[in-house]
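Have a look at the structure below, then the notes.
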Amino acid sequence: MSVQSAIRRKTAPDLRIRKNGEPIVMLTSYHAHTAALVDRHCDAILVGDSLGNVMHGFETTVPVTLEMMILQGCAVMRGSSQALVVVDMPFGSYEGSKEQAFQSAVRIMKETLCGAVKLEGGARMAETVAFLSERGIPVMGHIGLTPQSINTLGSFRAQGREEANWAPIENDARAIAEAGAFSIVIEAVAEPLARKITQSIAVPTIGIGASAACDGQILVLEDMLGLSPRSPKFVRRYGNLGPAIEEAIAGYARDVKSRAFPGPEHVYDMKKS
């Protein structure tokens, strides 16, 4: 048996039992090479529909297709070996009916071999979450700020900053948890509300702009590496790779123009007879 095949990949139940335990570490990845790096340090990798913004330059995640998610999901699965890989269900692939959601989720699971899917929406998606969970598809929920709903929200603004608006968000979390989600992402929600939700539901919460009290945290990899031109308030930059990459490219361009690259060590001599 090879070393790689002996490594056990984390599963949705592994994350589920981390409620009130060691915080869950999660990042996004869309490529095999970044997945290999993330895999060494994270419990889970999200192949997020944020790839629409990060990889393709879309203003929102709305244009992202199922085929795009499957393609990058396959890449991340090939690059990783230990972390649970969760693939986002993109806008338009699951909202029509629970049957539509099932067909889309089956494609994702079969074609990428990932361990779970994620979908946005609260109480209105509870029936769908239950339908998928009962049929062997682990579902990660996503409440609070739901980027796929940008056209009805109007802007990417934090949710629940007035206590009068807490009840619907609390109901969303409760409904998704009771429907069978193994964990729930809470995005851009007022800290006291995120803390309250975490304390009141039985499944792990994973915060992004929520609370340190959540059972885990997730960020977009490119945001925390300093590769994104703009980052949300909730991002802490653990690197500043943008300028470093640009400096390397500029150095390459200088060497090509001056014929300093390639050097003798980079070219092939004739074989000696």
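One is the number of the first residue shown, and numbering goes on along the chain from there.
Every residue, even glycine, has its Cβ placed from backbone N, Cα and C.
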Further binder of 3-methyl-2-oxobutanoate named by Swiss-Prot next to Asp49, Ser50, Asp88, taken from the candidates Lys98, Lys110, Lys118: Lys118
Please list, in sequence order, every residue of the chain apart from Asp49, Ser50, Asp88, Lys118 whose Cβ lies within 8 Å of the Cβ centroid of the 3-methyl-2-oxobutanoate site. Thr28, Leu46, Val47, Gly48, Leu51, Thr61, Val64, Met69, Val87, Met89, Pro90
Spatial separation of Glu187 (active site, proton acceptor) from Lys118 (3-methyl-2-oxobutanoate binding site) - C-alpha basis, Å: 13
Chain-internal residues, separated by at least six, CB under 8 A from Glu120 (Mg(2+) binding site): His142, Ile143, Thr146, Pro147, Gln148, Ser149
Please state whether DSSP places Lys118 (3-methyl-2-oxobutanoate binding site) in a helix, a strand or coil. strand
